[in-house]
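Q: Attaching a single structure in structure tokens format; questions to follow.
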Amino acid sequence: MQTNPINLDKKFRPEIEGLRVIAALLVAIYHIWFGKVSGGVDVFFVVSGFLITTSIISKYNKTGSFKFIPYITGLIKRLFPSVITVLLVTVILSFFLLPESILGKTIKEIIASLFYYQNWQLALSSTDYLNKDQMKTPVEHFWAMSIQGQFYIIWFVIFSLIFMLYKKYTNLKIINVINLCLGTLFIVSLSYSIYLTHVNQPWAYFHTFTRVWEFSLGGLLAINLNKIKINHIVASLIGWLGLIGLILTGIIFNVSTMFPGFIGLWPMLCAVFILVSGNYETKYGVKKFLGSSIMVKVGGLSFGLYLWHWVILSFYQYHNNERPGIVLGICMILLSWLLSYLMTRYIEKPIRSASSNKIAFKKLGIGLAIQLLAIASLYFVIFNNPFEKEKVALSENYPGAMAVEKHVKVKEDVEAIPEFSKIRNESPDSTRDKVHQKIGESKVLVGEYGKKENYDKTIALVGSSHAQHWLGALQKAAEEGNYRVLSMTKSGCVLTTKDSDRDCTDWNKNLIKELDKQDVDLVVTTADSSTDVNGQIDPLQLKQYQNITNTKTPIMAIRDNPRYEFNVPETLDKFGEQETIQKMNAKQRLPKESKWDQLEQKPANTKYVDYTSYFKENGKFAPVIGNVIVYMDKGHISNSYSKTFGPKIKKDIEQYFKELNH
């Protein structure tokens, strides 16, 4: 076998250190002052692909082998010290500084970050209709670390197969095989990224295989860089164009909603321009700036800057409504760099330079053990307090909506329920039972609640998640009303005959068939949508009402509750009840006269009920009524508060049945 089967020039490239500084600064600047995404993470991906490909091939040229243990050992020693340190500090700070309402979500994401699946954790929550509006955790940015870790494993598999093939067929030109593999991966991954970004952008954003093409591009550049021949003037020009284009990425594009599809090619090509330019020694090239001694020194801290800045910013934002000013933002960046320096010098370097892997892994093991112990302790304190008494909605101290119905004065020294740490569990039972249909599916899922036999009436709750959150009320009503309750709901899909959203259209058609099959006595749904102050009623929604009543099934339509631009329980947890009340009433949420009342011709066999007053206390919309927290997020009623509507909705249902029998 020839000494160097793959001709690759491995040399220190100072401009890469400067490029990492720019990428990290862009991420921090856009996060801190603009609340946007910059495209800097994509640059990290292409640089990682470039460097790891160079490293793998150089080691193979030198040793003629490529083994998993040395490969993974090096990665662990390089990546884990920083990850464990930042996550451990985050766990400790979370205990003292984090709003209780987000602690549970944070613990899940810390565990996901520690074991490198945070991107998938975020992909699931970003596409979960009832979870996507929650506050971001201080470790959300670890999604990029997780993808990077997964990519390193993918690269090991790919290059192991390539080297095995080369050893078996020594006449193969291995450089062509690598180009073919990485080129194919680039095309397939980019194509999939464009497709998935179009059909489900939140899922695509965190998906590993929509990002692999970015690493592939870096790998392709690493093995083909010396083949690119341009004159020095062009090299200087494209280098500066690449840097300017990279800085402008977050201004030109809405990265968080447009990436990682074909728009992702913009920062990728900018990074490629810079790397190609850096291969030439030019008098006025971008390499002079990016490869300067100060940039090289700071470049080693860019990874730490990325890890620390979001943690610092997050803890600030949990306790402040406004974005940081110029001075405070600069202080955050400087503090991030200081922490990165201390972490690099006193934690990373001693582990990397340990005299043996045994010593290095012993230190990492101790850190990991402390990390897991801290996570377990925080979890126990939040979720398993044996001294916490069970508090039940509708009990004497927690009347909820019945405090409005009966005009009772509740005790003011009673802590509201549910606890902030448990607010994420306030979805209706149909979510837990997996009978609430998700976006993208058209099958009607049926959940059965209340009385299962010897019941008097069957009530079907149908519609979107804003119909679904009334399930708790119907379950409570069924306890005394002898009803069977069927839940047939779907995220983001109101009753309609509109033919635009295919899965929603099909679901609505299937719903009519299911209602007819189930022999339903009453359908309960929402009457309108409060997404804007007009509370619009879609004519096609009324047509679907008619399709239901044509099956001789009456409808009870509930006016939608107010929705907000902010997460109500998180705001309550962070800033208190009075400030939350001010925010909830800062502008008109619902008109006094509903759109339903203005309809000239109302649907037949349909009763309209308006519970708006049950969301107010002393004439103002309130986050806590009858010692029960009203909302679980921006606009969905908490299951605890929904249950307190039980007596009221039972009364209205029985009254409606009497009217129908006359």
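For all residues, glycine too, the Cβ spot is worked out from N, Cα and C.
Sharing the features that TrEMBL gives for it:
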DOMAIN    15-344  domain 'Acyltransferase 3'
TRANSMEM  18-34  transmembrane segment
TRANSMEM  40-58  transmembrane segment
TRANSMEM  79-98  transmembrane segment
TRANSMEM  142-165  transmembrane segment
TRANSMEM  177-197  transmembrane segment
TRANSMEM  203-223  transmembrane segment
TRANSMEM  230-253  transmembrane segment
TRANSMEM  259-277  transmembrane segment
TRANSMEM  289-313  transmembrane segment
TRANSMEM  325-343  transmembrane segment
TRANSMEM  364-382  transmembrane segment
DOMAIN    449-650  domain 'SGNH'
Q: Determine which recorded stretch among 79-98, 142-165, 203-223, 364-382 has the most C-beta pairs below 8 angstroms with the transmembrane segment (289-313).
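A: Comparing 79-98, 142-165, 203-223, 364-382: 79-98 has the most Cβ pairs near the transmembrane segment (289-313).
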Q: Check the transmembrane segment (203-223) against each of 18-34, 40-58, 79-98, 230-253, 259-277 and return whichever range has the most CB pairs under 8 Å.
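A: The stretch with the most close Cβ contacts to the transmembrane segment (203-223) is 40-58.
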Q: Using a Cβ cut-off under 8 Å, which residues of the same chain at least 6 positions beyond either end of the transmembrane segment (325-343) come close to it?
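A: Those are 25, 28-29, 32-33, 81-82, 85-86, 298, 301-305, 307-309, 312-313, 316, in sequence order.
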Q: If you count Cβ pairs under 8 Å, which stretch among 79-98, 142-165, 259-277 touches the transmembrane segment (230-253) the most?
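A: Against the transmembrane segment (230-253), the leading stretch is 259-277.
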Q: So which residues does the transmembrane segment (79-98) touch in its own chain, when a touch means Cβ under 8 Å and the partner is 6 or more beyond its ends?
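A: For the transmembrane segment (79-98), the list is 106-107, 110, 113-114, 138-139, 142, 145, 149, 303-304, 307-308, 311, 315, 318-319, 343-344, 347-348, 351-352, 364, 367-368, 370-371, 374-375, 378, 381.
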Q: So which residues does the transmembrane segment (364-382) touch in its own chain, when a touch means Cβ under 8 Å and the partner is 6 or more beyond its ends?
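A: 76-77, 80-81, 84-85, 87-88, 91-92, 94-95, 100, 103-104, 107, 110-111, 114, 351, 421.
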